[in-house]
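> From TrEMBL, here are the annotated features:
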- Cys140, Asp142, His199, Cys202: Zn(2+) binding site (BINDING)
Amino acid sequence: MVWPIRSRISSLLCSKAPLVGSYIYDSCGCLRFSAPTSSSITRHWPKIMDWVQMDRCRAAASLPSIKEKQPEGHSNRVRLGQEIKGLDEGNMAEIDSYQNLFGLMKQGFLSFKSQKYIKELEHFEALAEAQFPKFMVIACADSRVCPSNILGFQPGEVFMIRNIANLVPVMKNGPSECNAALQFAVTTLQVENILVIGHSSCAGIEALMNMQEDAESRNFIHKWVANGKLAKQRTKAATAHLSFDQQCKFCEKESINQSLLNLLSYPWIQDRVRKELLSLHGGYYNFSNCSFEKWTLDFKQCNVEEGSSYVVKEQEFWC
């Protein structure tokens, strides 16, 4: 059975022989196909190694040579190296900046420890047990306004809170971090003075002056500075003829006095002020010319019920 099948296959191949051309090697050692001619009588089938050699040539022809790939690979490596170097330099710059920032902070702390803490060790040991500040300060969160630096407060002398535009909300507005600090300072620490400090070029006051009257906003800043809307109304009424910048400057001081009036909306503050156990003061720091204004609220002359009129006394100007 095997022989007839082989014979049949052989005859089939011979019948198809005219369709197959001959293969010759060119100068590159690659096989090329030659179309059959009418004179071709014998057809030589390529050996298996010839097919391998032909496939090898085809593969070589379809791919760029090693020499062609080298420059691309080399440039990729150079580019990648440059990118890595750039990242390394950027990271090192960030690390250096970070180290410099906290390095300066560390130097400041060590200087405080050696020049202040150790030299006044008894004072700081006493502070470790308890605090007895005479002042409660409410100042703006602005980085240019540092009450301890400007007014020379020492550790243990002032209980402080800072917020946007140094505002004090009225009691009916509900709990906030500001009135929580006030309650602790007045009822627990029993401070004798509350000083509200405003300053020039206050962005919080500018936001207040730019707000639409009845606009509802989800902006946290707008919701907070709305505590100064009465100061804004008085400013608008008194300075309608002035420029916007001048109106903002006027409101910076007016909002301080409004905050002093708002302090009296807390019974435990008003009670101590009435008994002359607590005084309310305003302060204004102008960092463009380094000057400071200070005044005290005249409680006896204020209309506490309406909360809209006030009188100040003991005004001073430091420059």
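Just so you know, glycine gets a Cβ as well, placed from its N, Cα and C.
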> Within the chain of Asp142 (Zn(2+) binding site), which residues six or more apart in sequence place their C-beta under 8 angstroms from its C-beta?
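Sequence-distant Cβ neighbours: His199, Cys202, Ala203.
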> Note the Cβ centroid of Cys140, Asp142, His199, Cys202, the recorded Zn(2+) site, then list each other residue of that chain whose Cβ lies within 8 Å of it, in sequence.
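Here the nearby residues are Ala139, Ala141, Arg144, Val145, Ala165, Asn166, Gly198, Ser200, Ser201, Ala203, Gly204, Ile205, Glu252, Tyr285.
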